[in-house]
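Right, one structure below, let's go through it.
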Amino acid sequence: MTLRVTRRQFFKLGAAGMATSSMAMMGFAPEPTVASIRHFKLTGAKITRSNCTYCSVGCGVLIYSRGDAAINNIDDIYHIEGDPDHPVSRGSLCPKGSGLLDYIRSESRLRYPMVREPGSDEWQRITWDDALSRIARHMKDDRDANFVTENQAGHTVNHWTTTGFLAASASSNETAYLTHKMVRSLGMVAFDNQARV
Amino acid sequence: MRGGQINLQDIIARSATTVPSPQVRDGGIDPVTKLIDVSRCIGCKACQVACSEWNDLRDDVGECVGVYDNPLDLTPDSFQVMRFNEYENEQGNLEWLIRKDNCMHCAEPGCLEACPAPGAIVQYANGIVDFNSEHCIGCGYCVAGCPFDIPRISKKDSKAYKCTLCSDRVFHGLEPACVKSCPTGSIMFGTKEDMLDLAETRTNFLKSRGYENAGIYDPEGVGGTHVVYVLQHADKPEIYNDLPKDPRISPMVDAWKGVTKPLMSAAVGLAALTGFFHYVTAGPKEISAEDEEAVRADESSEEERQ
Amino acid sequence: MTNHWVDIRNADLILAMGGNPAEAHPVGFRWVMEAKEKNDARLVVVDPRFTRTAAVADYFAEIRTGTDIAFLGGLVNYLIETDRIHHDYVREYTDASLIVGEAFGFEDGLFTGYDETEGKYETDSWNYDYDDEGNALRDPTLQHPRCVFQLMREHYSRYTLDVVSSVCGTPRDKLQRVWEMAGETAVPGRTMTILYALGWTQHSIGSQIIRTAAIIQLLLGNMGMRGGGVNALRGHSNIQGLTDLGLLSDQLPGYLTLPDDDEQAYDDYILERARPPLVPDEVSYWRHYERFHVSLMKAWYGNSATAENDWCYDWLPKLSEKLYDILHTFERMSHGEITGYFCQGFNPLAAFPHKAKVTASLSRLKYLVVIDPLRTETAEFWKNHGEYNDVDPAGIGTEVFRLPTSSFAEEDGSIVNSSRWLQWFWRAAPPPGEARPDTAILAGIFLRLQRLYREEGGAFPDPVLNLHWPYRHPEEPSPEELAREYNGWALEDIVDEERNVICRAGEQVEDYGMLRADGGTACGCWIFAGCWTEDGNQMARRDNSDPYGTGQTLGWAWSWPVNRRILYNRASARPDGTPWAENKAVVWWNGQRWVGTDVPDFPVDSDPTAQLGPFLMNQTGRGQLFARDRLAEGPFPEHYEPFETPIASNPLHPHNPLAKHNPGARVFEQDRENFGTFEEFPHAATSYRLTEHFHYWTMHNRLNAIAQPEKFVEIGESLANELGIEKGDRVRVSSKRGHIDAVAVVTKRIRPLQVAGQTVHQVGIPLHWGFLGETKKSHLTNTLTPSVGDANTQTPEYKSFLVRVDKL
């Protein structure tokens, strides 16, 4: 619903306006008007250089956070804008990059490991140790049961086809490299990332 | 006047205030301007998102009504919106005209002229017209006074809001958030002189690409603006979602300022003082039947526009 | 991208086709606008819809989705027949002059070697003629009737203006105009850049569309040039990096590949990949394959990898299928053949075709692990979200783990943008709650598995127990350690041909030229060698100076390979080493060596008189107009209809049903049954992104939700009139596989096309919005899309399918 001021409001508020402005004419000068300018919100912020991880332009971003990374402080990101030094983006950002703050602070961010048991209709919180141990157990059970060392022709294949892995093309090279190293060491072949689609 | 020390000497006009600001400093103060080249706009809404992010605004999540525009209109929490129009030109070719709609920062601001609350609207020497919500009484005169239909009154605090041209950024030497974000360079920022030069270059470029009527939108009726458009079809600003061809401050505001106000102020006199707090909080006055009629006509035409 | 984002500004003509860069890459698109303004360039857009890119284009031509090969094949024909080709370039730098064997042929839509029952080709006949020494025969005059140029000319002679217009639905005058503009860049001083994205890859003929673009750029002499190239605008922030690092079913890092199961001997595996030159003296850089492979195995298996055990060759899984791609995996999953599945930052329920099949498949898993910073539809596939995800949790036995991970702002690391730049970023704050970086999660799982294998034994434990894990903090390998590892280091002193030590044991290698096949080096990804050297982290460099004013910024971040910014840049100079044109110069021969604005893509001391070809990775040293044995459906791209097409036959081969769709494509039986027909679903649909959103992430962000809050579909005014639909009405869009409901955006920007004598309406379906997040709840777009992929990559055909639209 648009809030346009219609003539109704114009008339209704007429006298109030008259009164206030007339007060000024009679010598009641307003408070200093510089207060209309907001406090500059980047003052004292910690600035971290980063890259937007949406599309493949790789725009430079400056992340502004409160806190100076001192041991007693948990830094809190409160603003992101473009890095003017970046040769491609030169400070600009698209609507996604301009809204990065709301991604980092989204209500949908996951905070704790969770499990959904078979047939259940709800998530349950679980510790990291339980989650990782249960996952490792599942993997080993399946790998031991279904790992193929030789195919029917008697060729060595050493592959594991019954557990698959989708990697993330928004993750870093370092995450990707470690993922690949681990996945292949297990003999997995059903392995792709978004580049496949 | 970017990155300058802010003080009262930077204010050249205040609403409803006859006491002049100190004005001794006048060197080195260049008016700033935001140039919006509509021909380079892809309607990505980066400016819109950057504006809300910088200003800590989060509007309601709306709905789609069959167009790309969203939010559909300016609100107290959306200082700017993109307006999309599919236009078939004389040659039968389709043009997708996308205009960033926000405060024009008029040199002769109708909002400021109309505003009855002392110091609620100010104009800085660099041309920025800013609302000082602390002094705003939510009367809505600025809305009526604005030839571009920009200010909106918040239901949360009954105060008027609009684009500040990021006065906080500009006074710290930065460009407005929308300008910085713009991926295509459709939005540029600098002194008015530089922006008009650039606008001319861009206009010539458009003419070289067959837009014979390309031109600059810097309307004289409001003394020129500190937000200037480059339009492919400057002869028809109305095709850009009703950009007014010759915007002027409503005669009502002129009447109010020129004649009625001094006379009426004298008459209101002391009564105004005593009743002041009541008026601004509760709203004072009965509305005549005639006015009601006019209001109904007004509102039904509003609905047609939606 | 063969070139890079900023280089777009050096173009004279920008062809945006198979992509909508203003929409999907707005900031990279800046350089298109700069080219227009500073270089007087023209922007041409070819797209089914008048897009945001078209809004600022100089020329727009509409096209029926999935017919790009016809459009571009027509351009090839136009260039040849009107003689708008760069003759010297084509003769010297492409394989146009090579003679093709007599066995090769093409008839009624099929190349030689087609096996109808298998649905695939034997590629033996797709080859050159060779002399006794194995060198391809040549005719530099290009007149030999069997030379590549003449065969190509004949192949595309069928793509006339009338035929192409009838296939594409593009009006004749628009085709003509676009072809003319492209043809103007055949002269040395003018270049065209081609910008494409998933609008080309997501077709059953996707790879061949891109091939056609490459052919055009070779004919025009636009490869290796400033403002030229075939430029893939990649989708995700590090999709280039994950491709480079080989996280694909058949790949290893650096475009090395896994062995097939019939490659039992290590030497055969290497020989097949270390291909020798086919033209005398050419570089054929893949000759060095073994150096890269052995270095990888040393990085992964350390001291366990020895010459005696063929560098742990048998520890690598071998492929029994051509690809274990996602369509193949979900087909198997739907039959209950998959036990467990990991989704690390991937949301297949929303992102994969035919949602009903994906749901059914996930429901058959024993366990599913989702690692993500955000809630995803996949993690909640078992949860009932009303009509948007109407499932019965009680009937789904999958155990689902959801592990919270950090976002980019909460970790250090690097990503590779579309320009191939590896850019380092820094952590700004800790992640929320108990969220951890992916590396810690992976290490946590792996170390537990290792312990289980150590304690219990089990299937083939060797590679698990001996994986090289040298990290100071094993539970969380640091990004710095991992980056140094994929750069590579010397395990012993490395010497050059004169026995000079060029890299001491323990030092980081400077580039992949230092890598050795004898186990003397370790390197996790050879093309990244040079990114973290003894001089430190090159990816973190921030010198944006641009001394030549060409936009190369060699001091900013680090670009693979060896910080080179424009691939094949040797081709920017004539055979004698002088630039084709001063305004397009990239590198040149200064009498002693190759120098210039970029790192030369050439042996720096190779005198031009040696006449080496500029395309070093190819066995011919030349750009390949003829694809030999590399592609599934033939050496020359040919138009085939999408698997769901709004017309009855392929207008190019109306009487050959085998040539209606891609004859090399793989289709699973249940997927074939789920194809719709145009009688029932008459409208051609295409799916795509909007600029306000990123897939299914930004619907979780308030700011982006405000900017585009609700699912809509785009329908042309003409179709809307026919169906009585008005702007803002709710409509149901159905395919054979399901339906979605959405708001109708009725637009002038989609016009009906005249195709093969009938009117075809196209419907545009943005892919955002789901049943989670801040936006209005909606059905997932991939409810509609078909499960069939490109014959080479198996990338699904999201861009061309059939729907029906009904007013609700």
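Just so it is clear, glycine is given a Cβ too, placed from its N, Cα and C backbone atoms.
Here is what TrEMBL records for this protein:
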BINDING   B:Cys41, B:Cys44, B:Cys47, B:Cys182  [4Fe-4S] cluster 1 binding site
BINDING   B:Cys51, B:Cys163, B:Cys166, B:Cys178  [4Fe-4S] cluster 2 binding site
BINDING   B:Cys103, B:Cys106, B:Cys111, B:Cys146  [4Fe-4S] cluster 3 binding site
BINDING   B:Cys115, B:Cys136, B:Cys139, B:Cys142  [4Fe-4S] cluster 4 binding site
DOMAIN    B:32-60  domain '4Fe-4S ferredoxin-type'
DOMAIN    B:94-126  domain '4Fe-4S ferredoxin-type'
DOMAIN    B:127-156  domain '4Fe-4S ferredoxin-type'
Interface-adjacent binding-site residues, chosen from B:Cys44, B:Cys103, B:Cys139, B:Cys182 when a CB lies under 8 A of chain A: B:Cys44, B:Cys139, B:Cys182
Nearest of the binding-site residues (B:Cys44, B:Cys47, B:Cys111, B:Cys136, B:Cys139) to B:Cys178 ([4Fe-4S] cluster 2 binding site), judged by Cα-Cα distance: B:Cys47
Cα distance (Å, whole number) from B:Cys103 ([4Fe-4S] cluster 3 binding site) to B:Cys163 ([4Fe-4S] cluster 2 binding site): 6
Binding-site residues in contact range of chain C, given that the Cβ distance is under 8 Å, out of B:Cys44, B:Cys139, B:Cys146, B:Cys166, B:Cys182: B:Cys44
Local backbone state of B:Cys106 ([4Fe-4S] cluster 3 binding site), from DSSP in three classes: strand
Nearest of the binding-site residues (B:Cys41, B:Cys47, B:Cys115, B:Cys136, B:Cys166) to B:Cys146 ([4Fe-4S] cluster 3 binding site) - Cα to Cα: B:Cys115
For B:Cys166 ([4Fe-4S] cluster 2 binding site), the one of B:Cys44, B:Cys47, B:Cys115, B:Cys182 that lies nearest, given that the binding-site residues are compared by Cα: B:Cys47
Set of same-chain residues at least 6 away whose C-beta sits under 8 angstroms from B:Cys136 ([4Fe-4S] cluster 4 binding site): B:Ala117, B:Ala120, B:Lys159, B:Ala160
Of B:Cys44, B:Cys139, B:Cys142, i.e. the binding-site residues, those within 10 Å of B:Cys111 ([4Fe-4S] cluster 3 binding site) when Cα atoms are compared: B:Cys142
Which same-chain residues, if any, lie at least 6 apart from B:Cys139 ([4Fe-4S] cluster 4 binding site) yet have Cβ under 8 Å of it: B:Cys115, B:Pro116, B:Ala117
Nearest recorded site to B:Cys106 ([4Fe-4S] cluster 3 binding site) by CA-CA distance, among binding-site residues B:Cys41, B:Cys44, B:Cys51, B:Cys142: B:Cys142
B:Cys142 ([4Fe-4S] cluster 4 binding site) versus binding-site residues B:Cys41, B:Cys47, B:Cys51, B:Cys103, B:Cys182 - nearest by Cα: B:Cys103
For B:Cys44 ([4Fe-4S] cluster 1 binding site): intrachain residues, at least 6 apart, with Cβ closer than 8 Å: B:Pro183, B:Thr184
[4Fe-4S] cluster 2 site, defined by B:Cys51, B:Cys163, B:Cys166, B:Cys178: further same-chain residues with Cβ within 8 Å of the Cβ centre: B:Cys47, B:Ala50, B:Trp54, B:Asn55, B:Phe79, B:Gln80, B:Asn102, B:Thr164, B:Leu165, B:Pro176, B:Ala177, B:Val179
Distance from B:Cys51 ([4Fe-4S] cluster 2 binding site) back to B:Cys41 ([4Fe-4S] cluster 1 binding site), taken between C-alpha atoms, in Å: 16
Secondary structure of B:Cys47 ([4Fe-4S] cluster 1 binding site) (DSSP, helix/strand/coil): helix
